Amino acid sequence: MATFPRGCSPAVRLCQKLNRLKTLDDDMMATSLKRCLSTLDLTLLGVGGMVGSGLYVLTGTVAKDMVGPAVIISFIFAGFASLLAAFCYAEFGARIPKTGSAYMFTYVSVGEIWAFLIGWNVILENMIGGAAVARAWSGYLDSIFNHSIQNFTETHIMQWNVPFLAHYPDLLAAGILILASFFISFGVKVSSYLNHIFSVISMAVIIFILVFGFMLAEPANWSAKEGGFAPFGLSGILAGSATCFYAFVGFDVIASSSEEAKNPQKAVPIATAISLGLAAAAYILVSTVLTLMVPWHSLDPNSALADAFFRRGYSWAGIIVAIGSICAMNTVLLCNLFSLPRIVYAMADDGLFFSFFARVNPVTKVPVNAILVFGILMSTMALIFDLEALVQFLSIGTLLAYTFVAASVIVLRFQPDRISSKGTASISPNPHSETSPAPTESQTIREDSGELKQYESFSDKLQLVERQVSSEKRGPGQLKAYWEPYLGKLLGDCEPGEVVAFCVLTLIVSSVSLCIVLEFGTNQLQLPIWSFSMLLVIFILAYLLSLTLIWLHEPQSKSKTFQVPLVPLTPAASILINVFLMMKLSYLTWIRFTVWIAVGLFVYFGYGIWHSKEGKREQQPEDMAARYVVLPSGSLVETVEPVQPEGQMDTSAHDFISPTASTAEENAGKR
């Protein structure tokens with residue numbers, strides 16, 4: 001928690017406010033929501049969030065226009081990239097079982113302003129995602145009835161020709177969103193049961209597609225006569241991977257639901273792994289079946305699977321595919337409407353968003369206000385906006401959230417323990433023990449024989465110091481003991497975790513710079529070969545140097561909950577992939593993103609910064625000054641409990657309060 005010395009300038013105080021971290025309570029399982037979700041519930045939520053309209057539409061579009069039958073390889077690459085991000089979400093969801101997903105993870109490790117902006121963008125992503133799926137659901141159902149719904153609306157209700165708006169109001173899409181919001185407001189179990197029903201039907205249809213599709217498979221459709229397996233080459237496969245990556249967006253609903261899970265420490269990592277594996281298998285196998293049933297260049301991008309069965313003479317199978325598609329889109333709708341109100345609730349509960357959305361219904365144990373208000377807003381977007389205009393804005397906020405969560409994993413893994421409001425470690429699994437003072441010239445230690453022996457000579461003292469260094473367990477964020485003689489003078493004066501935080505910032509900057517050079521260097525920027533190569537070498541070296549410096553520091557001890565393997569390499573690779581995908585987005589998407597960020601900053605500085613609960617912790621009365629605790633290392637730890645009468649102070653604090661702090665507390669009690 002940030003503390004403000006009186007001599008601080010207003011700019012420094014503002015920076016401290018913007019970067020203050022969230023303090024978590026000791027009991028991570030305490031919540032006003034209802035913990036009732038099992039591992040199966042979370043797994044089906046994750047599958048429902050990922051396996052939606054993309055399975056029935058995206059596979060055909062990518063196969064025909066970008067990759068060909070090699071769309072299978074594109075989905076493998078995209079699944080691996082999604083796995084790196086899913087690892088990061090799984091660690092945070094198990095370690096911090098609180099609702100809010102990327103917003104919460106960023107708040108406890110990076111800072112308040114960054115957490116608000118991440119949450120602000122995730123809100124928009126969920127609103128757009130839900131509205132876009134509702135429009136796709138309406139259009140798919142309308143196509144089954146030969147577009148009679150659209151024709152009736154345009155003829156008897158209204159139509160308009162306005163840029164970025166639909167040609168007619170989609171009443172069906174708006175209606176399905178309002179109906180889904182109504183069901184979700186009844187509680188998390190109702191939402192889970194509905195998701196179970198639609199997910200089971202969707203998976204049954206997928207199994208039907210695979211079994212019947214492989215029976216109709218013709219290997220000749222991958223032959224050179226039809227263009228071969230990879231007609232667009234490696235560049236097409238990579239471009240297809242960037243598009244296929246968005247098919248796996250949706251697993252973060254598991255982390256958003258961790259506050260309502262019975263055993264989040266085990267359920268969140270298991271559900272994330274199983275759901276991502278099932279989704280990847282579904283996309284890869286369905287793509288295989290689709291490109292083997294009919295030639296890839298003859299696919300219908302709008303309804304590839306149904307059209308493939310129709311062209312093979314099995315039109316009745318197209319009806320089954322249509323049912324599966326509608327059920328799959330229902331699960332995506334439910335997941336968007338499920339996770340969005342919980343992110344809003346988390347931000348409102350922290351004081352960064354309007355407190356009206358932090359109210360939880362005492363009966364259903366869900367944030368009803370957030371569900372209904374944002375369900376209506378989402379239905380309004382689906383009513384008037386065009387599907388293409390919605391989809392163009394999709395994904396940038398998700399990729400940004402993935403990037404910050406990956407960075408948060410590195411920062412938190414090498415961060416020293418923080419003290420919560422009750423004076424105990426708030427996040428780290430093991431408390432950080434203070435290092436003992438340096439030995440004096442005449443040092444007495446106990447030998448294995450049990451006798452005390454005094455070392456006087458310089459050589460004996462060196463042996464003593466070497467023994468202490470080898471047996472000493474350095475705290476998280478400190479330079480590893482092996483590298484202390486080499487880098488101690490250069491990095492020894494930095495606070496624990498400070499070098500790692502700076503390296504993470506350098507890692508992000510070098511990733512952005514590297515991707516800009518790779519994406520725009522030869523075309524838009526028109527760089528000469530020598531400068532293009534030199535910039536690549538500089539940014540790659542900066543990226544690798546940042547990784548190396550992070551690795552040279554001591555991480556936190558092994559936790560009982562799931563931890564991302566190969567830190568910092570895994571999250572760093574996720575950051576690089578996410579930034580590269582963001583560079584692939586159109587400039588109009590970046591313009592819209594900038595406008596939305598500006599609106600978010602207006603909300604934060606107009607409301608959030610003044611009502612933040614962390615800010616209120618800092619505004620304690622003057623008589624609270626005596627409740628600061630001085631640790632043996634000399635560091636100052638703040639406790640926010642009110643001053644109690646003398647003799648009633650928490651006995652646990654007396655175990656480590658220095659004599660100076662004890663005297664200050666006695667004087668405060670007398671006052």
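Glycine is treated like the rest: Cβ placed from N, Cα and C.
Keep in mind that this is a model prediction, so the values were computed, not measured.
Annotated in TrEMBL:
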TRANSMEM  70-90  transmembrane segment
TRANSMEM  102-123  transmembrane segment
TRANSMEM  171-190  transmembrane segment
TRANSMEM  197-217  transmembrane segment
TRANSMEM  229-255  transmembrane segment
TRANSMEM  267-294  transmembrane segment
TRANSMEM  314-338  transmembrane segment
TRANSMEM  366-385  transmembrane segment
TRANSMEM  391-412  transmembrane segment
REGION    420-446  region 'Disordered'
COMPBIAS  421-443  compositional bias 'Polar residues'
TRANSMEM  499-521  transmembrane segment
TRANSMEM  527-552  transmembrane segment
DOMAIN    562-612  domain 'Cationic amino acid transporter C-terminal'
TRANSMEM  564-583  transmembrane segment
REGION    642-671  region 'Disordered'
Proximity verdict for the transmembrane segment (102-123) and the transmembrane segment (391-412), three or more C-beta pairs under 8 Å: yes
Interface-richest range of 229-255, 267-294, 391-412 toward the transmembrane segment (197-217), CB pairs under 8 Å: 267-294
Model confidence over the domain 'Cationic amino acid transporter C-terminal' (562-612), averaged pLDDT: 90
Recorded stretch that, among 171-190, 314-338, 366-385, 499-521, has the most CB pairs under 8 Å to the transmembrane segment (391-412): 499-521
Cβ pairs under 8 Å between the transmembrane segment (267-294) and the transmembrane segment (314-338), at least three: no
Stretch of maximal Cβ-Cβ contact with the transmembrane segment (70-90) [cut-off: under 8 Å; candidates 171-190, 229-255, 314-338]: 229-255
Whether the transmembrane segment (366-385) meets the transmembrane segment (229-255): three or more C-beta pairs under 8 angstroms: no
Folded-back contacts onto the transmembrane segment (229-255), same chain, C-beta under 8 angstroms, at least six residues removed: 42, 45-46, 48-50, 52, 54-55, 58, 62, 66-71, 73-75, 77-79, 81-82, 86, 89-90, 92-93, 101-102, 105, 129, 222, 268, 271-272, 275-276, 279-280, 283, 296, 332, 335, 338-339, 394-395, 398, 401, 580-581, 584
Three-state composition of the domain 'Cationic amino acid transporter C-terminal' (562-612), taking helix and strand from DSSP: 40 helix, 0 strand, 11 coil
